[in-house]
Structures are given as structure tokens and as C-alpha cells.
Amino acid sequence: MSAYIALADGRVVEGRSRAPGTGRGELVFTTAYTGYEESLTDPSYAEQALTFSYPLIGNYGVREERFESDSVQPRVAVAHEFTDDVADWLEREGIPAIDAVDTRDLVTSIREQGAMRCGVAAGPDATPEQAKAQLEQCVEMSEHTDIGAQVSVDEPQVYEGNGLTVALLDCGAKQSIVDSLTARDAEVHVLPYDSTPEEVAAVEPDLVFVSNGPGDPANFEAAGEVVDEFAGELPIAGICLGQQVVARSLGGETEKMEFGHRGLNQPVRDLETDRVIMTTQNHGYSVADPGELAVTQVNVNDGTAEGLEGVGIDVITRQYHPEANPGPHDSLDFFDDVLEMAENHAPAVASD
Ligand SMILES: NC(=O)CC[C@H](N)C(=O)O
């Protein structure tokens, strides 16, 4: 069965349909060699077409306990070869999947021209024209202004715990972030991405935590207002989109990267200890100006900001994914550090 990927550069790439349908999104690639279940369920991939550069995807099956959310998040999946397990899963989820593609060539195009819009058509009756029609409807990432609503909870959800209370602004949070906090006894209130400062204050948090999420951080204004309201008063943490939202709110700026960082072996140097750790990443924007915050960690490959900290205020953020899933566990201590910051933040814990 045939499949077509129409690229914004005018090319149409032919492959084999492994799950039928049409779709569109920003074509990006990940170099992750494991963790396809986690990547395919990571809400940060919403509105994207995900290409795996690793040639065989699916060789250890599909197990729900490894999912980061309850559905497949990219709009399209592309690989050199998908196993039947993964192809069947994507078909059940209605996500077009295409393999038998020269992914080395596709990745080279993305590296040279940047992440680009694409449209796909896959299945017995698929035609290049259908793929091109999808491409025509495909908008730039920053134009998905309602993307938060697609991935956030509608109503607050509470994970009970005996420790500190965390208000987690769910901009498309991975389950592992919640799990990393509850594993450290925190009571986690997962709040809608557009919660007001009053709604956040109502849970009496010891820590405000802005999650990862898809698309342009400029489209998460409400989360920025929460940060603006509480910075200096309550400790603040952020991961990935969370770092970007926090930086923007505190006088910084973000910019779109050429093709982003997506993989499991991005080296990050801590400027204080000079130690290098391997990190999991999945982002297409970066913090170009940290505003009031100090850059404490940088990417060894391109020098982009990987960690930010407050100067005189309790803020710690990371551009990479300390929760891993998939990927290395080098930076799990981030969760200990932010909870310690919250524990030591003098006015946060009421003494009746
Ligand atoms: N994983 C994330 O949180 C991604 C953040 C943002 N959507 C980006 O692409 O940069």
C-alpha cells in the first residue's frame, strides 16, 4: 500500500503505508533509539509529524504502562521500518504511519532546511495530490494558538501525597513528571494550562511547576501570568516549555530553532560544577535571552540555555527532560533540588 509525504520544499517522498489515513504537521526528527512508546505519547509532539532516525521502531512491543499520556500525540509517524505491533497501534489510534522511507535523506533535508511543514496520505487509495492538499492546510507551529487546550486537563486532578503541595500547570505534561513528584511524596495538583493566579493560589501550593508542552511558548500566556504573579513569593520550577514560559514571563525571550533537539544523548554542561550529563530532549524553541534569570547549564553542542536559576528568587528550570522516559537518568536529582528549594522557601509553609 502506498504512502506519500508532501514536503514544504516541494518534494513528494514515497513510502509504504503501515497505518492508513491523511494528516499534516511540522516534520521533525528524533534520534532516540529506544523509547518509541514514550515519544509517541509525549504531548509535546502535538501537531508534529515525527520521523525516527533509528531504523527499526517497535522491536520490544507496545505496553501501556510506558505511555506518557493516553493517546498518540504526533499527527503522523515516519520510520525506516515499523514492526507490526507499532503499526497496529498507530492504526487503532487513527494516526497515519509510513515506513520504507529513506529516513537518512529526510533527516538531512530537515537539518539543512529546518523543521518544515508536511502533508501525508497513506493507504490503498492514497495519492500524491491528497498529500499535497494536506500540506496546503498545514500551518506553522506558532499559528496553533489553541494548542494548550488540545493537551491539558479540563478539570484539576489531584494526586495525594504527604509531602509538599505542587501546583503543576499542565501545558501537556508527561505522566513521568507527575510520577517523579509523587515518588518524592509530593501532593500534585494538575491544573489546566489556563488556570488563573487565583485558581493556583486556591490549592495553597509550596511550589508552582510549569510542565512541558507542544508548540510555541508564546501561546501559553496564562501560564506566564501565573509565573509573573508568584515569582519571588513562591518557588517556581519548569521543564522544557516550562523553562521557556518562565523565562518569557521574567523578562526573557524565546526563539525558534532551526530543527531543534530531539533525542536521548544531548550533552549538557553545568557551569558551576563543570560536569557534563547526558539528557533527553524534545524541543524546537529555545531561550535566547534569560531575562532576570541566570543561565546555569548550557548545551555542549550549540551553547543554548539548558538550565536557568533565579537571582535572589527561588526559580529553577530545565530545557531538557530530567524525568527521562525515554532516556538517561543523569538528571533525576532535579526533582530533589526543586522540592528542597520549596522546603527551604521560608514563607511557603504555613504554621497555622
Ligand atoms: N518538550 C517540550 O516541552 C517542548 C517545548 C516547546 N514546544 C518546543 O518545541 O520547544
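FYI, residue positions are counted from 1 along the chain as it appears here.
Keep in mind that glycine also has a Cβ here, set from the backbone N, Cα and C atoms.
Annotated domain 'Carbamoyl-phosphate synthase small subunit N-terminal' per TrEMBL: 1-121, in sequence order. This prediction places the mean pLDDT of the domain 'Carbamoyl-phosphate synthase small subunit N-terminal' (1-121) at 98.
Sequence annotations record features per position, and here TrEMBL assigns region 'CPSase' to 1-164.
Secondary structure from DSSP puts Gly284 (L-glutamine binding site) in a beta strand. Same-chain residues at least 6 positions away in sequence with a Cβ under 8 Å from that of Gly284 (L-glutamine binding site) are, in sequence order, Glu26, Val28, Ala115, Met141, Lys256, Met257, Phe259, Gly260. According to TrEMBL, the L-glutamine binding site annotation covers Ser44, Gly213, Gly215, Leu241, Gln244, Asn282, Gly284, Tyr285.
Annotation source TrEMBL lists active site, nucleophile at Cys240. In three-state terms derived from DSSP, Cys240 (active site, nucleophile) belongs to neither a helical nor a strand segment and is classed as coil.
The Cβ neighbour count for His321 (active site), using a 10 Å radius over every protein chain in view, is 28. Residues or ranges marked as active site by TrEMBL: His321 (among others).
The active site feature in TrEMBL is assigned to Glu323 (among others). In the structure as shown, the Cβ atom of Glu323 (active site) sits within 10 Å of 26 other Cβ atoms.
Residue counts for the domain 'Carbamoyl-phosphate synthase small subunit N-terminal' (1-121) under DSSP (helix as H, G, I; strand as E, B; rest coil) come to 31 helix, 45 strand, 45 coil.
One way to see the shell of the L-glutamine site is to take the Cβ centroid of Ser44, Gly213, Gly215, Leu241, Gln244, Asn282, Gly284, Tyr285; the remaining same-chain residues with a Cβ within 8 Å of it are Asn212, Pro214, Asp216, Pro217, Cys240, His283.
Here L-glutamine is bound by Ser44, Gly213, Gly215, Leu241, Gln244, Asn282, Gly284, Tyr285 per the record. The longest Cα to Cα distance in that group is 13 Å. Of all Cβ atoms in the protein chains displayed, 29 besides its own lie within 10 Å of the Cβ of Cys240 (active site, nucleophile).
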